[in-house]
Structure formats: C-alpha cells, structure tokens
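Have a look at the structure below, then the notes.
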Amino acid sequence: MWGRWRGAGGRRGVAQPVIPQMKLLGGRVPLGASALGLLIVCWFYIFPGGERLPGHKEMIRQVLQFGPRWGRNRSSGDSFRKLLQDCCDPPRLFSMTKANTALGENLWYDGEFFQSLTIDNTTRSLFPQDTPIKLPLKRCSVVGNGGILKNSRCGEQIDEADFVMRCNLPPLSREYTDDVGTKTQLVTVNPSIIDKRFQNLLWSRKSFVESVSVYKQSYVYMPAFSTKRGTDPSLRVYYTLEDFGTNQTVLFANPNFLRNVGKFWKSKGVHSKRLSTGLFMVSAALSLCEEVTIYGFWPFQMDLGGRHISHHYYDNMLPLSGVHAMPEEFLQLWHLHKSGVLQMQLDQCKKDVSSKKPH
C-alpha cells in the first residue's frame, strides 16, 4: 500500500551515464536541471500557487457582483452528494464504529506515512456499534470561525438549523451569541488544542469539562488517528468526559474518511498539506444533510464593505503558514454556492439598527 523511495546512487562497478551540459549565462548547467526547471514552470502554470489566486479585492468584487440572489439547486446538490458518496462514503465512514472497524485491523494514520495502529479490544470498545447520528439530516449549519462573523448578527439564523457543526472548541459566551448562536450538535477538537490549552488533560481535566459544557448534549469529534501524537490526548478526552458523566459523546474521525476527502479535494485543485477542519466538516455535511448553509468561511482580511476584520471572530491569531490552502478552499466553496449546492453566508443576517450591538 505504501511505496518506498529508493536511493538514486549508482552501484559500484557500474558505469554512470554522462549528463549532457548546456551553457547558460557563462556557466554550465546540467541539461536535466534545465528540464526540471521547465517542468516546475509548467507545473505552476497548470496548478497555480496562492499568488495567482484572486486577492481579497477581486473576491469582494465577485461576491458583490453575484449579489444576494441565490437558489438551492437540488439536482446539483444530489450530483455533488453522489460524488462524495462514491469517493468517501461519509454515512458509513464519518466516524469510527464497530461496524466499520474490525478487531485486529491495521488502521493507517492519515496524517503520517508508515504509521499504523492495530485495533485491540480496548480501543474498539470506545466505538459505537453504528453512527449515532440519525440520518438523513434536514437542515445543517456549518460554522467556521472567520472574523467575518463578528457583528454579523447571524446567531438566530444559525440556531434555526436542525444540526449545527462547529470547529475547534470556539467560544460561545454571551458577547458572541448574537453573531454565532449557541446551538451545537457537533463540535470538533484538534488534539493540539488539548495540548496547548489543557496540558493534555494531565492537570486540567475539570477546566476542560467546564469549557465543553457550553456545547451541551453534543458530539465531540476528534481526529484521534491522524497522527500518533494525537491518539493519547484524544483517548484522554473520551475518558475524561466519561469519568465526569457529561452530556457529550466522543466520536473519533475515521482516518480513511479524512484521507479520501483530502484526495477528493486535491483532485478539485486544493493543494495543501492538509485540509482545514472547516472543509472536512462541510464535506461531511454535504453528504449527511439535505440543505447546508455555511458561516464564517472567509479567509481574507477585509469584509465585503472593505473594512479590516480579524482572522477569527474571537481573536486575530493567524494559522501556521504552509499547512492549509484557505483561498483555494474558499474558491471551491464559492463555486458550490454559485451552483446552488450550498449557501454561503457572507453578509450580515440582520442589519444593524444602531452603531452599538444590543446584548
């Protein structure tokens, strides 16, 4: 399944080919190197990098030009759902279950090469028999954490959905509820959050339980089997919530689902080390839900009115560079919006009646 790289060095006693040389700017450059350079140029022409993507001003122009008109295209939605079903089978593979994971199975991590885990009785006992999410879902809200949500007054509209997905333990305190709502059926948690904010639950179990209580009776969705270092923190989350008798249920992301979703979007032109959590959730929602509206998916520093906005609605902490391809992801989602597959909320849901927001 996993290929291995072979060394390029020649064997002793075997004559090595002479690489032809060509003159360039007074020096000599291997012909192979020039061919490689041409290949790289062609690659960036065919698969342009971020510098060739539309900037925020161009995207604002496109969004404003498209206007508020939007209609759900059920035919396009059904076709896209079939694509996701064929590649990734989200209803069956979205989370780890006893039904999709055999005892003794060698489970390959999706975020690391050559790393796997053998599923034993202890690990398998943490999985539900089948997915506990009752399918199909009718209306879903997927809430990203983009700064465009600030002062959007979209909270009420978000909460009207039957199923609300949120990403990476976002704050839902009173100062934000007008904009992002409070309802949550599923919230994702990256193991890195458990490490940075809760010291891997070695000393901060109670503070973690208090933090997730805001999500009430929801599913806590964790990529426990994406990297080896993320497995133990994810299992600690499971045991912590179980020990405290909370209302949350931990679901572990199936690495086969995450891997296949990554391949799917790569085939569509998203070239990144790893997809954002938001795009994983949108992909799941488009398969599990009949109607999908997404909020807070805007990777630019200005809103539609040309005003500077923070990276998140709650802070301005920037992500690590080189991991995600947020503009490329946005363009894919914008195309789905224009096609009527999903609705992307980019403007205020309710217009402000005063300069000061009521609370």
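Using N, Cα and C of the backbone, Cβ positions are placed for all residues, glycine too.
Straight from Swiss-Prot, the features:
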type     : residues                                 : note
ACT_SITE : H324                                     : active site, proton donor/acceptor
BINDING  : N145, N168, S276, T277, G278, W298, H312 : CMP-N-acetyl-beta-neuraminate binding site
DISULFID : C140-C289                                : disulfide bond
DISULFID : C154-C349                                : disulfide bond
CARBOHYD : N73                                      : N-linked glycosylation site
CARBOHYD : N121                                     : N-linked glycosylation site
CARBOHYD : N247                                     : N-linked glycosylation site
TOPO_DOM : 1-28                                     : topological domain 'Cytoplasmic'
TOPO_DOM : 50-359                                   : topological domain 'Lumenal'
TRANSMEM : 29-49                                    : transmembrane segment
Whole-number mean of pLDDT values that fall within the topological domain 'Cytoplasmic' (1-28): 37
Listed in sequence order, residues with CB under 8 A of N168 (CMP-N-acetyl-beta-neuraminate binding site) and six or more positions away: N145, T188, V189, N190, I193, T277
Chain-internal residues near C289 (disulfide bond), provided their CB is under 8 angstroms and they sit 6+ positions away: P136, L137, K138, R139, C140, F163
Residues that sit under 8 angstroms from W298 (CMP-N-acetyl-beta-neuraminate binding site) by C-beta distance, when 6+ apart in the chain: G144, G146, G147, I148, I309, F330, L346
In the chain carrying H312 (CMP-N-acetyl-beta-neuraminate binding site), residues 6 or more apart in sequence that have Cβ under 8 angstroms from it: N145, G146, G147, P170
Per DSSP, three-state class assigned to W298 (CMP-N-acetyl-beta-neuraminate binding site): coil
Distance from S276 (CMP-N-acetyl-beta-neuraminate binding site) back to N121 (N-linked glycosylation site), taken between C-alpha atoms, in Å: 32
Candidates N73, C154, S276, G278, C349 (recorded positions) - the one closest to N247 (N-linked glycosylation site) by CA: G278
Closest of N73, S276, G278 to C154 (disulfide bond), Cα positions, recorded positions only: G278
Which of N145, N247, T277, the listed recorded positions, has fewest other Cβ atoms within 10 Å: N247
Pairwise Cα distance for G278 (CMP-N-acetyl-beta-neuraminate binding site)/C349 (disulfide bond) [Å, integer]: 20
Cβ neighbours within the same chain of N73 (N-linked glycosylation site) - under 8 Å, at least six residues apart: S339, G340, V341
Least Cβ-crowded entry, counting other Cβ within 10 Å, from the disulfide-bonded residues listed as C140, C154, C349: C349
Spatial separation of C349 (disulfide bond) from S276 (CMP-N-acetyl-beta-neuraminate binding site) - C-alpha basis, Å: 25
Cβ neighbours of N121 (N-linked glycosylation site) where a neighbour is any other Cβ within 10 Å: 8
